Amino acid sequence: MTKTNSIIFYFIVVFMLILLNFQVSDESEFIVVRSKAGLTCVPKDLPLETTTLDVSQNYISELQTSDIVSLSKLRILIMSYNRIQYLDISVFKFSTELEYLDLSHNKLEVISCHPTVNFKHLDLSFNAFDALPICKEFGNMPQLKFLGLSAIQLQKSSMQPIAHLNISKVLLVLGDNYGEKEDPESLQDFSIENLHIVFPMKKEFRFMLDVSVSTAVSLELSNIKCVVDDIECFYFLSALAKLRKNRRLSNLTLNNVETTWNSFIAILQLIWYTPVEYFSVSNVKLQGQLAFRNFDYSDTSLKALSIYQVVTDVFSFPQSNIYRIFSNMNIQNFTVSGTRMIHMLCPSQVSPFLYLDFSNNLLTDMVFTSCGSLTKLKTLSLQMNQLKELAKIILMTKEMTSLQKLDISQNSLRYGDDENSCSWAKSLLILNMSSNTLTGSVFRCLPPRVKVLDLHNNKITNIPKDITHLQALQELNVASNSLTDLPGCGAFSSLSVLVIDHNSVSHPSADFFQTCQKISSIAAGNNPFRCTCELREFVKKIGQVSREVVEGWPDSYKCDYPDSSKGTPLQDFHMSPLSCNTVLLTVTIGVTMLVLAATVAFLCLYFDLPWYLRMLCQWTQTRRRARNIPLEELQRNLQFHAFISYSSHDSAWVKSELLPNLEKDDIRICLHERNFVPGKSIVENIINFIEKSHKSIFVLSPHFVQSEWCHYELYFAHHNLFHEGSDNLILILLEPIPQYSIPSSYHKLKTLMARRTYLEWPMEKKEINHTQG
Ligand SMILES: *[C@@H]1O[C@H](CO)[C@@H](O)[C@H](O)[C@H]1NC(C)=O
Ligand SMILES: *[C@@H]1O[C@H](CO)[C@@H](O)[C@H](O)[C@H]1NC(C)=O
């Protein structure tokens, strides 16, 4: 097979595999995906080399040995979201390679055990088991890394078989009916690093379960509901309190929490006393108001607190208590995001905050005004808030003397031309002001040492000339603005990355690459390029720099103007040097004109061009006239029997020999010497008389050949208007004409002489008379 053939073959194979929903990722992987295919049983037509089979989200209700026995290479089987009620683990007895089995979100009630399996990942969560589906054989799976379980009853004894395994993650889903008979100690013997317990949804947290597992580093608890205020989340707080003894625990995550403000702060306070370092809580629904006063920050291990997505049912109540508690936290990282929080107070003393993320809230320009206690802060994100005046934010940073990174993107920030104080924190290195309503005037006040500046999606139409010089600036993103040209690097001497796509750059200046020597990446695509001469230089320069430097080349760089080349890639845009160089163009036109003039002058001088033209003109006129006159009328106009054309050298013979002989027979003859009308041009006369004569007689001789006039007469006679095609020419050869003496341009005469029989003088004198009669 040739190389091309094998490539084509390869493509066909790949294409067919895609069609059949198979994917080949590497030699040892063969993935078959048949999810959401409406299947009611495992398909029978699976390729034997299948290593991964995904039949999730179908209606499969049974799994049998015969379904998978032939798939000897099967390693991964995903059957989540089906309707399987019963599982006999012995169906996998021949699947020796199987190490990943996902049977979550089925209707499993029972499994029957079998010793021959060795899974690394076994997910039986979100099923309908009563008791934990743990076989004693699971204890022989030393490789088990993930185990997903579900039950409505927990018993310490049921954990026993796997207690000695070092499972890195266990997901334990407690069914809706969990909690009737609890064994609070049931998790105590587990040896797990990461435990995720999902409590029943919509059920008040009244559980006794001890969630503190001594080996756990990370604990995640989902579905915590305690809204009955009189017990103040007692059960859950008791569960959290037990975490204190759990010295290894470092990460705690709570999901889907529904409680009161008071309980929420109580939870926070409790966690302050645990060994937890990273606490994250998301999807929180809070009720009521906060009556809580004091928060004890002392003696905590906590480093980072993250609160995501909070909704409250009461919208306006005094919140300063909450802000006070938050702002004085003695932790390094603090995130409050997606919470409709409208304000945050300045910490009352120098705060250990290093990282604050308050994105996606309702904070205003008032936040942290004149706040001198955030001097350690390095990163601040106020992305997606209600900030309006950049001047106030600039002032805010003034006292944040360690601030390196500020994200104020996705606000409505504006900056007027008349602002005069420019007090950015000098320490700022990364500034994100994208998606605001800033104009070019923002360039008049920027942090002097900034390295990365993101200004994409603003309202910048130009970068003013008198801007602050940013010697350290390396990355500038001004995409999606209305800039009309590339900024030079005069003010940004270190610039190495420029993003300026989706602007109004129509003819970027080519000297960009000269001034910006350090550029290592430029993205300037999706601009309305005017494909005219001015752009040539730029396209040439882009062609010279390496491909990696120009992002999106060539696909995103297209002509927008002129209409004829709209959509043409800049790469294919070429203009001839001539059409773009005015000097060259002028010279070329001038030279062409000169040559033309010289040619015309030459033709006039040597070939009497004007005469030719006049003659041609008259002939065409006459011809047109003749077309309009009916044939009969023209014939009525005939005055002569014959028109004689001859050279003046032969006039003696014509007058003494030919004329007397013809006229004696009453033949009316037209001679130019005799009949031509004075005052009319010769050509007009010739045409006129040839028209008025039945026949044209030509006296051929070497002189005739020499005479140009005679040649015209022959020409006109041959093309006679109303005798065309008829036999109206008579040629008399007075003296023999050697073929070579006929000039080559007289091809008419040559063809006539070759085609027609002519009369030779003097032998056929009688014949002439006869013909003319
Ligand atoms: C704080 O957050 C930053 C950014 O996410 C991270 O790099 C840093 O490790 C965090 N520090 C702590 C103590 O969590
Ligand atoms: C600035 O923030 C936007 C989101 O608002 C993000 O997409 C962008 O990557 C950020 N820029 C930098 C330089 O981090």
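Note that Cβ sites are derived from N, Cα and C of the backbone, with glycine treated the same way.
Note: TrEMBL annotation is automatic and uncurated.
In the three-state DSSP classification, Cys346 (disulfide bond) falls within coil. Taken from TrEMBL, the feature disulfide bond applies to Cys346-Cys371 (among others).
Packing around Cys422 (disulfide bond) is summarised by its Cβ count: 15 other Cβ atoms lie within 10 angstroms of its Cβ, all protein chains included. Residues or ranges marked as disulfide bond by TrEMBL: Cys422-Cys445 (among others).
Over the domain 'TIR' (638-773) the predicted model carries a mean pLDDT of 72. Sequence annotations record features per position, and here TrEMBL assigns domain 'TIR' to 638-773.
According to TrEMBL, the feature transmembrane segment maps to 7-24 (among others).
Marked as transmembrane segment by TrEMBL: 583-607 (among others).
Long-range neighbours of Cys346 (disulfide bond) (same chain, six or more residues apart, CB within less than 8 Å of its CB): Ser327, Phe368, Thr369, Ser370, Cys371, Gly372, Ser373, Leu374. Sequence-distant neighbours of Cys445 (disulfide bond) (same chain, 6+ apart, CB under 8 A from its CB) are Ile394, Tyr415, Glu419, Cys422, Trp424, Thr468.
All protein chains included, Cys371 (disulfide bond) registers 19 other Cβ atoms within 10 Å of its own Cβ.
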